[in-house]
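First the structure, then my questions, so here it is.
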Amino acid sequence: SWLHLTDRLASSSEFCHGSCAVTAKLPVKLINLQVHRTVRTVLPRDMSGDSSKVITIDGSVMEGGGQILRMAIAFSTLFRKPVRVWNIRAGRSSPGLRPQHLSGLRLVRDICKGRLENAAIGSTEVTFYPGPIRGGEFTADTGTAGSVVLLLQVALPCLLFADGPSTLWLRGGTNAEMAPQIDYTLSVFQPALQKFGAAVDIRVLRRGYFPKGGGQIEVHVEPVAALKPVELVEPGKVVKVTGRSFVAGMLPPKLAHVMADTAAGIIQKRLPSVDVSIERVKENEADVMGTGSGIIVMAESSTGCYRAGSSLGKRGSPAEAVGEAAARDLLRELERDTCVDSYLQDQLVVFA
């Protein structure tokens, strides 16, 4: 688990002062996470003696994907402890670093003036020696349709504790498979992060889709001394469902309507008293790169909790099937009666 990973990166004595707590009713159980957030207080202690010891992380644990790598590098930077991650993406059909993972590693390296060893496409092992986190302007480009959101995931925890404000320009796919859609980041993740007192502004400059990518987002981050404690224990009742159904490029606008109508019908059948409003969008040609389609639907509760479901269009997949997949995804999350969905849980735990 991520808690096990943080235990590897900092001893218990380092967590006994100025911590930030988040209590959340998560998809598995009610837990209380307490992790040190006044990072600058920890750094002098980390820079002595055993800070040079390289901590080894097995990248095949859990689902064996890229998330364990991203979080290991982020925690390594925050605690100023070098790490070696091996078995990188062992659970994937093509193990090792892909372009988006390498771009993320290089981005964090630039942010903290760190050092990477064995970082190349296909590498299944990499060693990272972090330096001090600095603010500034940074650019990362996957060169593919690799997700810009996943680039943000590895850099954001670090920049929140930089020595000054930062601006990121991230290029790649904005709505990519096996990654949160940028719409999820804007509508679900960003409001949740604000509860911690984080000032993060995300703007979509251009949307990019598989296979070319070409999307770009601009992110402004203000550093904090410490994140605020957050309590999320009451899921509440669903008060409304909103969403965004989009098509871009060569696809006809009617597909956005079909996806939205299908999703709304399924959700309304399960939640007849809840207002369901899904925006139908034909993306402006000047604001996109390539052709793509998809939908995200989000449920807001009476206690301010957000949960979502989404789906992307694929060649050969009817628009009805895409809309249905997003609706079923959301309803599965709502059935768990939790404060965050399984996707948000994965993204928030690093800030806990």
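All residue numbers here begin at 1 and follow the chain in the order shown.
Yeah, the Cβs are placed from backbone N, Cα and C, and that goes for glycine too.
Just so you know, TrEMBL annotations never went through curation; they're auto-generated.
Source: prediction; values computed, not measured.
Marked as ATP binding site by TrEMBL: GLN153, TYR343, LEU344, GLN345, ASP346, GLN347. Feature annotation from TrEMBL assigns domain 'RNA 3'-terminal phosphate cyclase' to 62-351. Under the heading domain 'RNA 3'-terminal phosphate cyclase insert', TrEMBL lists 233-335.
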Which one of these binding-site residues, GLN153, GLN345, GLN347, has the sparsest Cβ neighbourhood, judged by other Cβ atoms within 10 angstroms?
GLN345
Please report the three-state DSSP label of LEU344 (ATP binding site).
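Where LEU344 (ATP binding site) sits, the three-state DSSP reduction gives helix.
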Whole number in angstrom, please: the longest C-alpha to C-alpha distance across GLN153, TYR343, LEU344, GLN345, ASP346, GLN347 for ATP.
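Output for ATP binders GLN153, TYR343, LEU344, GLN345, ASP346, GLN347: max Cα distance 13 Å.
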Taking the Cβ of LEU344 (ATP binding site) as centre, how many other Cβ atoms lie within 10 Å?
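Excluding its own Cβ, the number within 10 Å is 26.
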10 Å Cβ neighbour count around TYR343 (ATP binding site)?
20
For the domain 'RNA 3'-terminal phosphate cyclase insert' (233-335), DSSP counts of helix, strand and coil?
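Helix, strand, coil within the domain 'RNA 3'-terminal phosphate cyclase insert' (233-335): 37 helix, 38 strand, 28 coil.
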Same chain, not part of GLN153, TYR343, LEU344, GLN345, ASP346, GLN347: whose C-beta falls within 8 angstroms of the C-beta centre of the ATP site? Give them in sequence order.
PRO180, PHE189, VAL340, ASP341, SER342, LEU348, VAL349
Long-range same-chain neighbours of ASP346 (ATP binding site), Cβ under 8 Å, sequence gap at least 6?
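GLN67 - these are the non-local Cβ neighbours of ASP346 (ATP binding site), listed in sequence order.
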